[in-house]
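Now, the feature entries from Swiss-Prot:
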DOMAIN    6-259  domain 'ABC transporter 1'
BINDING   39, 40, 41, 42, 43, 44, 45, 46  ATP 1 binding site
REGION    95-139  region 'Arm'
REGION    242-322  region 'PtIM'
DOMAIN    324-550  domain 'ABC transporter 2'
BINDING   356, 357, 358, 359, 360, 361, 362, 363  ATP 2 binding site
């Protein structure tokens, strides 16, 4: 194979109004290299992948793959034939093998004809068997089932037209991986995957022999799979040979040499670096340490010190000893049992990470805690001092015609944030909307910017118990890191639905895991500790994702 599978020479891209989103990028990609692409929202990461996939040709410079290289591209919103079933969509990826198997059956049937040209049939049989052998085609059904389980695809006969956006993405990703291209271009491949499927994808891409260029905020992927980090910063492409942890070290050193305005960002990076350097044992004691120092987190002096953080979660009323108690909870939808006999109690200071397949009932639990839905049986008891800040309050009610500042402030110069008052522009600035960005229309925002705006609206309530439903979706790593640091310093409790394992390892003191047939397990510890516990008690197979099974309600 050639030395490089893809080369870019002085590539630039201008977007309205005359903004150079990419400038003078010259890069060469080695065969088999695994590259993670980092950068703030709006830095041009998706644009870079569209250029590499040959979709965006309106560029300066030259972007050229090696001849005969097969490129597979996963956009954020993949297009599938709405008339097809899941099975038909997936089989498109292996159509050569499917057609060969079908034709081989026909050839076998033709042997029964005494007038057949047996030499011609034998030659065709040999050619078909060669195709099938090369792709392990006789085990095709096993391969498809394994891939469908790993990415938790909907039923084979489900119509694409009836699937959610997340389900379509999983089907598109599965199809792409089965195509086995020479180079994979993946735009946020972990979005809409649960933590177990993300871990499976990480192992798959680690063993994949081709080149991978992935935009992702999944830092375990960037640490365990990526051999290169490509950072897009103010239009420049800055390559770094090494994984995420080593990139973080050099980034910290680089920021140390830059202007003092980077001080807050450097402080945020140093907190994450401290966690990385502790190793597994030290990391696992962090959750227990948080519970132990809850009183310190609550002190006014401590909160004042942390107001300079990049993202500051305003404290709500002081929490009493009783936070949340769930007893014998049961909830079904139609004939599906989502939650069966769930009981747990949350201590003050806890941050509970909630994991499990999409559609298992994680968001339903939030709606029951906030009183929007009622359980079939069992009780949910909130402590008297608990003030909820629930993620569903604002998610779908943002006005696209308003500016960022208007959407958060309601046009007020001074805002009430929890129990305190502060200038509204200063509060909005805490969510990395600085200066002119506060004048952007909501409808013009990227997914990550909408995520930050949503957090700004949610957190102004000043609750002491946060319910966060996939807050990490679409956030760039800078904002993710800031959110982690803010949660770790927050003098309250939080329940967080997330598939981001690094995020869960840094913040979670407990894990709530949705499993098959309505079973939900409550565990004290972070995500990695929970994985180790599952391996010890159930064996390594317990970590392999499978399509969810719902217990049916007896009629």
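A Cβ is built for glycine as well, from the same backbone N, Cα and C atoms used for every other residue.
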> What Cα-Cα separation, expressed in whole Å, is found between residue 359 (ATP 2 binding site) and residue 39 (ATP 1 binding site)?
Replying inline: 31
>> Give me the CA-CA distance between residue 358 (ATP 2 binding site) and residue 46 (ATP 1 binding site), in Å, as a whole number.
In response: 25
> Using DSSP, would you call residue 362 (ATP 2 binding site) helix, strand or coil?
Replying inline: helix
> Per DSSP, residue 45 (ATP 1 binding site) is which: helix, strand or coil?
Replying inline: helix
> residue 44 (ATP 1 binding site) has how many other Cβ neighbours within 10 Å of its own Cβ?
Replying inline: 25
>> Please identify, from the binding-site residues 40, 43, 360, the residue with the sparsest Cβ neighbourhood, meaning fewest other Cβ atoms within 10 angstroms.
In response: 40
>> Counting only residues 6+ away in sequence within the same chain, which have a CB under 8 Å from the CB of residue 362 (ATP 2 binding site)?
In response: 354, 356, 469, 497, 514
>> Same chain, not part of 39, 40, 41, 42, 43, 44, 45, 46: whose C-beta falls within 8 angstroms of the C-beta centre of the ATP 1 site? Give them in sequence order.
In response: 47, 232, 446, 476
> What are the non-local neighbours of residue 45 (ATP 1 binding site), defined as same-chain residues 6+ apart in sequence with CB under 8 A from its CB?
Replying inline: 37, 38, 39, 187, 215, 232
> How many of the residues that make up the region 'Arm' (95-139) does DSSP mark as helix, as strand and as coil?
Replying inline: 36 helix, 0 strand, 9 coil
>> Going by Cα-Cα distance, which of the binding-site residues (41, 42, 44) sits nearest to residue 361 (ATP 2 binding site)?
In response: 41
> Can you tell me how far the Cα of residue 360 (ATP 2 binding site) sits from the Cα of residue 42 (ATP 1 binding site), in Å?
Replying inline: 33
> Under DSSP, is residue 39 (ATP 1 binding site) helix, strand or coil?
Replying inline: strand
> Average pLDDT across the domain 'ABC transporter 1' (6-259)?
Replying inline: 88
> 10 Å Cβ neighbour count around residue 42 (ATP 1 binding site)?
Replying inline: 18
